[in-house]
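Going by TrEMBL, these are the annotated features:
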DOMAIN    287-311  domain 'NF-X1-type'
DOMAIN    316-335  domain 'NF-X1-type'
DOMAIN    377-400  domain 'NF-X1-type'
Amino acid sequence: LIGDHHQLRPKVNLYELTWQSRKGFDIDRSLFERLVEDRNAPTSVLRRQYRMRPEISRLIRETIYPDLLDGQRVLLYPPVKGMLYPVFFWHHSVPEDSFHPGDMRYQTQEGSKTNSHEVACVIALVTYLLQQGYARDQITILTGYLGQSVLITKELKKLSASKSGIRVATVDNYQGEENDLLILSLVRSNPTQMSGFMKVENRVNVLLSRAKQGMYIIGDKDTLTHRDAMWSKVVSILSESSCVGDAIPITCQRHPKDIRCCRDVKDFKSFALDGGCILPCPTRLSCGHACPRLCHPDGHEGFQCRQPCTRRPDQCQQQHRCKKLCFQACGKCSELIETVLPCGHTKPIECWRSAEPSRSYCAEKVTVLMPKLSNLCGHVCNAPCHQSNGTKCGMSFCQEPCVLGCQHSSCSKPCGYLCQPCIELCDWHCEHAGRCSLLCLAPCDRLPCNERCSKTLSCGHRCPSVCGEP
C-alpha cells in the first residue's frame, strides 16, 4: 500500500459515521490508516520534500512530520515580491456571517460558513500580489467552506478580468495540488470559539502544505487555537518569527526599506495604490514625459501617456502642434489654413492638403454664360466653380419636333435632343471636281468648286456665280 494517512480521509456524507463524531463508526478511516495506527504495520516513509520553502515546511515538520527534510531546490526560492515575510498569519476578530447570538441551532449546525470581512481581505491581498507582477495561475485561494469559496468567486468576478481567472477552491478539493502562492481564508470567528472543520488535523495538514513560495493565512487565531493543539503549535511557530499580527507588513520592490503595515483593506490603497509605495515614480517615459503614477513595481510597457501631445503632425506645412493625447498617433495635420486655389478663389483647407492646392475643389458659386454652340444649351450655369464645365444645366429640353435634316432624311427626335447622324453617302458633286467620297455626317473631302457655274437662270441668262456657291 502507498499513501499518507495524515492527509484527508475519505468523504462521508453522514457526520455521525465519521471518526470526528466520536461515535465509534469511523468509516472514514481507511485500511491504510488502520494498519499503520492500530496494527503498527511495518512502514517506510519518504522524508524529503521538494515543494515548500523551509518557512512553510517548518509548520508541518514540527507538528506532523518530525523527520521531514527539505530538498535543495526549495532553498533557492526567491523572496515573495512586495511582502516582508513569505508566511504570515493575518489575525482579525470580525465574527463570521452565519453567527447569530442567541441562536441555539448554531451549536450543532455544521453547515457552510462565510466571513465577509475575510473576503474583503482576500480581494485586497490578491489585488496587491497581482500588482507585484504575479500571474493569475500563480495564486490560489483556499478555504475550508464551500460557501466562502462561492462568495470569494462572486467578488472576484465583480473586479477586472485580470482577477476573475484566479483559482478558488476548498481544501477538500485541493489535495494533491500545489501553487506558488496561497491565500488561506479560515472563516471561523465566533464568541463560542468553535472552529468546526478547521480543527481536523488532516484538513489542517493539507491546508498548510500546498504552497511553494508564499502562504498568507487570514483568520481569528483565538478561535482556531481554542482547545486545538495543532493550531496552537502553528501560531506559536509563526509568533517566534513575528509572523502573526493584526496588520500584514508589505514592502516596496523599488524601495525595500519602505515597510508599511496594512491593518485594514483600505490601507492597501493608502500605502500602495499602484503596488509600490507613496513616492512618485521617477521614470521618464519614452515620449519624454515623466511617469504620472506613484511608485509601482511593474514596467512601463504598454503604458498610455495621457499628457497633451507636443509633436508636429504628419505633413504639417506650418508649425502646428498636435491636439491629441501623447499616446495617440498624430496623423496628418488637420489645422485649417486659408489657401489660394488654382482658380483664384481662397478656401480654408487642412494643412496637409495645402502643399497641393490643385487637389482641393473650390466651392465658390460662379455665374458663367455657356457659349452658343450647336451642342450646348446657352443657359446660365450656376454650378460651383470646380463644376462649371460639364455640369448638367437642369433646364427642361425642348420637346418640339426637330427641323434639321439632309437631302436623304429628316431627324425624328424632339428638338432638345441630339440628332442621329446620317450615314448615307454624300450627294455633293459637280461636273468640274467630281463627287465627295465621305458619308453625309462628315465634312466633305473636297473644297467648293471655283469654276464658273454653267447653269442657266430662270430668266434665261447664264449664272454669274462660281460652281461651288449655292
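Cβ coordinates are placed from backbone N, Cα and C, and glycine is handled just like the others.
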Secondary structure tally of the domain 'NF-X1-type' (287-311) (DSSP, helix then strand then coil): 0 helix, 3 strand, 22 coil
DSSP-assigned states of the domain 'NF-X1-type' (316-335) in counts, ordered helix, strand, coil: 0 helix, 2 strand, 18 coil
Averaged pLDDT, computed only over the residues in the domain 'NF-X1-type' (287-311): 87
